[in-house]
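Below is one structure, written out as structure tokens; the observations come after it.
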Amino acid sequence: MRCDNNYSFSILFSLLLILILDSKVVSLSTSCQSKSVCGNINIPYPFGIEKGCYLNEWYKIECKNATYPFLFKMGMAVVNISLPGDDGYNNPVSYGSIRVKIPITSIGCSRDGKESGSVLNFTDSPFYFGIGNSLVAVGCNSKASLTNINPSKVGCELNCTASKETLPSKSIPFFDKTGCSNNKLPYYSSLCTKNNGEDERSCDGNGCCIAGLLDSEAPQVIGINIESFDHGNSTKLECRVAFLTDDVSPFSNASEPKRLFAKRYATVSLGWVIQTKNLSFVNSLSCKNTKEYDNSTYNIKLVTSCICNNVTISGTDYANCGCSQGYEGNPYLPGGCKDINECLRNSYGQRQNCRESDTCVNLPGTFNCIGNKTRVTMIGVGSAFGILVLVVGIWWLRKFLKKRRMSKRKRKFFKRNGGLLLQQQLNTNKGNVEKTRIFSSRELEKATDNFSESRILGQGGQGTVYKGMLVDGRTVAVKKSKVVDEDKLEEFINEVVILSQINHRHVVKLLGCCLETEVPTLVYEFIPNGNLFQHIHEESDDYTKTWGMRLRIAVDIAGALSYLHSAASSPIYHRDIKSTNILLDEKYRTKVSDFGTSRSVTIDHTHWTTVISGTVGYVDPEYYGSSQYTDKSDVYSFGVVLVELITGEKPVITVSNSQEIRGLADHFRVAMKENRFFEIMDARIRDGCKPEQVMAVANLARRCLNSKGKKRPCMRKVFTDLEKILASQEDSLVNIENDDGADDEEEGMTMINIDDSQTIYVTAPAPSIVASSSSSDVQPLFPHPTWI
């Protein structure tokens, strides 16, 4: 085949199709391949010797003595098995053939003179008589004919004379001698030859005659009959033989019938196909049928390796398959048809020749001859493709190295940000720590728009909080810590561990953390309504202006701190209680947050000894002097928050008369001592509040702000008292009596009378009981710097 330069783009397209060809090849097992030869005869699939190596029993070959193959179900010796296209014609719809030995029919050759022979019957099998077979009769004065086929009269007549010229052949042809012109089958036999009018007088009726078995609809039943006519010239019955064969070249008038009878067999060519009762096998071949192939485009035909055609033999449907033009191999194996490299040889075994100035290029199913100009174009295209592959390779390598570098950095950050310490803490607290999710840095960057400034919710001494949205739709608060040195990583890990231990409705929930970034990051549940400081000290028109809501908030805070101090798995000191760390949700429910400086202590310890940390106005003055932080230090900070709720003032105020800057706690204690409480009471809560109730809370706040920690009530006591105050009925008369003689260093008794039915006494622990606490109160623990 020769193509000009206009097919350049077709070549490129075909080369592309090579890359997308299905590479799946279902091959027989190694055991089947090693047993695919019997003697010197190849046994191709669907035929096979061992079980599992043949399609079904019709194709089973019995190899006797490892030398002689037999068609097991038919009991016939096999001479050769060929696949479609093995003849070299490479016709995609030719049939496979199997040559077998059949008995010779004779009369007058045996001692009893009886006729021998049998009817050959292949009904319901995948085998039929091929169109390359001929009826050969040898002897004198007889007629040989075929039976069980249409037309019914098929045969030839034998006469013996001294001269060939005086007696023409009496052959009665069934088809024309050549077997091509009247063929009605949709395929051609590999043994079909054209009649060129040559003189074929070697077996012409004088002692030998031939009738071609042609133009039949693939007969499966054939018998042979020999009829003698001696015309009374002899009383002795001479030997005569007749048989079907696919090879007539050895026979001539000189052949002796007794010699042929002694041979006892002749070879006949049988065509074989595949029964289509079960289409699963044919469909598994992925071959196109002839109709699909004929309707396909040229490029599709080039990459179609095999074709199957449906035929009907004796009323039964069969299929025969073959490798398409430009392919060779076994069409009955998936992927068994392979492309022929026409630049080395074509389907006829010859090498394709291009001009010396051209280059032969093999293509799927064909080839092309490329001229010099086209070659330059192809070189250019190939070079461009190579450069593209190089660029893509460099890009991929760069991406791989970058990803590897980022992975290495993430591991470095994980270690630097305390990942190993966190794992150790989580393992130490196993069973007490709820499983914390580890977020990837990419996930948090996506959730916060790369930590956009527009997503900032607030900033503090420990870091910046961003609003984010996870892929599952949850809104979260992402706390990105400030850059810290390794000496301060313990505080960050401490916050993760502490929050993992806490499970309380009034404590903000930790969802997870990320340690892959340069600075550590925490992910909390999002609390949408801001913090308590904003609601108290900034102009707003909401429920926090009412005393009932403020009292409810105070109870919630006290409940959370009481849980941290006594109900958690181990006591936890918050160490930074302030109104900005009290968050409110959309229903004004309280959430205590920011545990960066929190500490967890064992049950037999009552304090931490550490470097001073906290927020001005909230820090326990006793903590300043001793550096020992106890649960009563949290009580003091809570007392300041109570005063904020009562007065509406900030924790550090400027006295209007003297312009003196004073802590709110000191200002409150002075006002209470001078009985000026109602002067400092927030005007926004006066309307609608119960003064006795407010006074009861004020006295409780005063006790929380006692300068001596041991005289302050514990958080559980504070929580209980606030719940009782909140539970007082609106029509109840609440009377507060306080020992005015008690100084700031002593604890008085506060009595709250509610109606006539119940009396509640709120009392601090006696000094003698407080003094009897464990000696561990003064045992210093390991100090550590804070993030403040």
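Even glycines carry a Cβ here, placed using N, Cα and C.
Residues or ranges marked as topological domain 'Extracellular' by Swiss-Prot: 28-375.
Positions annotated as transmembrane segment by Swiss-Prot: 376-396.
Feature annotation from Swiss-Prot assigns topological domain 'Cytoplasmic' to 397-788; the stated evidence is sequence analysis.
Spatially close to Tyr524 (phosphotyrosine) yet at least six residues away along the chain are Val476, Ala477, Val478, Lys479, Val508, Lys509, Leu510, Leu511, Ser593, judged by Cβ distances under 8 angstroms. Sequence annotations record features per position, and here Swiss-Prot assigns phosphotyrosine to Tyr524 (among others) based on similarity to another entry.
The active site, proton acceptor annotation in Swiss-Prot covers Asp576, and the record cites sequence analysis as its basis. The local packing around Asp576 (active site, proton acceptor), expressed as other Cβ atoms within 10 Å of its Cβ over all shown chains, amounts to 25. Secondary structure at Asp576 (active site, proton acceptor), taken from DSSP and collapsed to helix, strand or coil, is coil.
Look at Swiss-Prot and you will find Tyr623 (among others) tagged as phosphotyrosine. Under DSSP, Tyr623 (phosphotyrosine) is assigned to a helix (H, G or I) in the three-state scheme.
Every protein chain shown contributes to the tally, and the Cβ of Tyr623 (phosphotyrosine) ends up with 23 other Cβ atoms within 10 Å. Cα of Tyr623 (phosphotyrosine) to Cα of Asp576 (active site, proton acceptor): a span of 13 Å.
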